[in-house]
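Reviewing the structure listed below.
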């Protein structure tokens, strides 16, 4: 798709994934690895400060003139000995801590007294032991060798794991130096991100996706161009060359009525830019309500159940709005995907200050698949599963638009645009919830999938495709293949949902949130549902 498509939305996606991703890998790959290694070093392995922190001058004067100190100097006190010990250097402490046990007199040659040496009746010595003496039992003959072996072996005799050379290089840092180096790494990564966005992604998007318009000015006009106050300030400041303003709304013009009442409201009543603002506000409201529900269920339901709330949130956000402005939805999904990847990169690299808040937010919602590698894939694959069918559908439809919106209008709609949302948001969630609660009959090939869950997947996906078809007819959008009867479309939808359900049941090794939506999109597109 990225190789063959040339639409503005895919050009932006290509710039974000290829241009931004490869540049970040080249510029920050080594620094991110250094940060990960440094974050894995325990704090107790760092070198301690050689001297205690310096007291302020006023505290030193108070201590010098204190009555307790004068009394100790005149009368003498064990406090001096305590001070000498407390301010001993790290080398002295290390010598005391790691010095081996001294050899003491024990049985053997060293235990012979001079009287024994000169006693003619003393037994002969064989192999360093008295022939007639007490036999040595349960003692250590050479303590020095044992201490050296204990440093490298466990009590059971297994050799201890040693830190790698890359990690041992950080042991010479003090905690303050390690913290400073973490912030230096983080600052470098953030600076590289800013440079990549400004110096690489921005010119590419301006040239290949926006027909030479500056991206920031284009985005301001794309969202706020229909607001009278915004238009007035742009014209007054003579910024029309930078900020792209759409044509003024003309209430007497009804040229969009032939596309349906939704398109008429979007173009002639609200305005395209204001409609995008309305959609964005609707998405924010869904996010707030969904997160509130998730936090409410935090202590009563398990992780898998709470994760399905995000699936239903995707359905509520994308199913009603995709047909209203599909190119805007595709653009939003591309940008959010890039943001997800950047945030998870910062989380996995453990760079301050964003890594810990991101990790703590995602921790209650991860499952076993997220622990197979350094990347938390659940939310990323959920987004990709909803977005890929829309991106593929936009690549097969004609484009319209004028001025700065050339290539940003789609004259027709089709059900395959929302096949990913229906599959991941409804089908996968229903199969998981029903299968875990009522699934008693498993498929013959194993994998943990149940017949009840697959049946729920089929029914829910069929209902989702039917609902999408009904929304197309209510909105009166032009649809390809309108001559097909409703009965035929329903039969095709049932076949598509059954095929997707079977794929989801068979697929045990891959991620079904990515593969199954592509299969469903292929079936819906081929059968012209």
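Including glycine, each Cβ sits where the backbone N, Cα and C put it.
What TrEMBL lists as compositional bias 'Basic residues' is 148-159.
Positions annotated as region 'Disordered' by TrEMBL: 139-159.
Per TrEMBL, transmembrane segment is recorded for 15-39 (among others).
Among the features that TrEMBL reports, transmembrane segment is placed at 183-205 (among others).
Residues or ranges marked as transmembrane segment in TrEMBL: 277-297 (among others).
Residues or ranges marked as transmembrane segment in TrEMBL: 309-324 (among others). Same-chain residues lying 6+ beyond the ends of the transmembrane segment (309-324) with a Cβ under 8 Å from its Cβ atoms: 262, 266, 275, 279, 282-283, 286-287, 290, 293-294, 297, 365, 379, 382-383, 386, 390, 413, 417-418, 421-422, 424-426, 428-429, 464, 467-468, 471-472, 475, 477.
The transmembrane segment annotation in TrEMBL covers 375-395 (among others).
The annotation transmembrane segment is assigned in TrEMBL to 415-434 (among others). For the transmembrane segment (415-434), same-chain residues at least 6 beyond its ends with a Cβ under 8 Å from one of its own Cβ atoms are 304-305, 308, 311-312, 314-315, 318-319, 322-323, 326, 382, 385-390, 392-394, 449, 452-457, 459-461, 463-465, 468-469, 472, 496-497, 500-501, 504, 512-513, 516-517, 520-521, 524-525, 529.
Annotated transmembrane segment per TrEMBL: 455-474 (among others), in sequence order.
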- Query: Under an 8 Å Cβ to Cβ limit, what residues of the same chain, 6 or more beyond the ends of the transmembrane segment (375-395), are close to it?
  - Reply: 1, 4-5, 7, 9-10, 13, 307, 310-311, 314, 318, 322, 326-327, 329-330, 333-334, 336-337, 340-341, 344, 347-348, 362, 365-367, 369, 410, 414, 416-421, 423-425, 511, 513-514, 516-518, 520-521, 525
- Query: Near the transmembrane segment (455-474), which same-chain residues lie under 8 Å Cβ to Cβ, leaving out any that are not at least 6 residues past its ends?
  - Reply: 315, 319-320, 323, 413, 415, 418-419, 421-423, 426-428, 430-431, 433-435, 489-490, 493-494, 496-498, 500-501, 504, 520, 524, 529
